[in-house]
């Protein structure tokens with residue numbers, strides 16, 4: 001890859017991983033539309049590591065509190081709001097982890113296309129708009145229960161389809177289940193930590209067992225740029241939804257989806 005491609009793809013991953021607009025779609029499109037070469041497995045791992053570091057650092061207080069309470073819940077302290085949240089994050093991760101392993105190859109073979117991205121971008125954009133407009137938005141993150149967490153986890157599994165958006169579909173589910181915007185977003189971000197970690201570990205093992213050439217300077221640049229852009233993105237996103245809701249991202253998804261359809265039919 002050229003230096004321009006490295007910079008663009010790393011920034012795309014960072015900026016889109018936590019926005020409800022689908023990072024996978026934005027990484028697939030340059031190769032499908034611009035003819036760029038595939039970024040390769042090692043680069044995929046690098047940019048996911050960057051975004052993982054960003055979300056862990058941004059939510060470091062919450063992560064520390066949840067982990068501490070979760071481990072202490074096995075002892076005399078018993079169950080607390082934070083320990084329960086830890087269990088809900090684990091429960092919400094299971095569907096995507098299982099289905100990801102089972103369906104990964106089939107999805108990559110049949111669904112990694114610009115047409116699929118165009119359609120899913122529009123459909124799930126409209127669902128996000130509906131959830132934002134019609135959801136009661138009264139529940140906080142600590143009012144989750146196991147049923148809510150499992151439903152959001154099942155929604156996260158749907159995000160394996162390119163164009164869906166992991167953060168978008170989990171926030172949509174959270175809003176439809178009555179969560180307020182900040183809580184739906186924060187749970188979505190916390191839910192990203194184990195799933196991105198497992199994805200990174202899976203691909204790292206695949207990378208180690210395979211015959212892949214590794215350019216460490218490229219990987220380091222990918223980690224740094226995706227980390228910086230993801231951190232800024234999380235901060236800005238939480239500010240935007242507080243003032244404007246999900247509408248800007250719905251509009252973007254609709255414009256992108258329609259634009260892709262027009263482009264593909266010309």
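Backbone N, Cα and C atoms are what each Cβ position is placed from, and that goes for glycine too.
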Practice prompt. Scan 83-103, 167-187 against Swiss-Prot and say which stretch is down as transmembrane segment.
Written response: 83-103
Worksheet item: Any contact between the transmembrane segment (189-209) and the transmembrane segment (39-59), i.e. 3 or more CB pairs below 8 Å with pairs at least 6 residues apart?
Response: yes
Discussion item. As a test: from 39-59, 141-161, 244-264, pick the stretch that has the greatest number of Cβ pairs under 8 Å with the transmembrane segment (113-133).
Written reply: 244-264
Discussion item. Which sequence-distant residues neighbour the transmembrane segment (39-59)? Criterion: at least 6 residues beyond either end, Cβ under 8 Å.
Written reply: 1, 5-6, 9-10, 13-14, 17-18, 27, 31, 186, 189-190, 192-193, 196-197, 199-200, 203-204, 206-207, 210, 212, 214-215, 218-220, 222-228, 230-231, 234-235
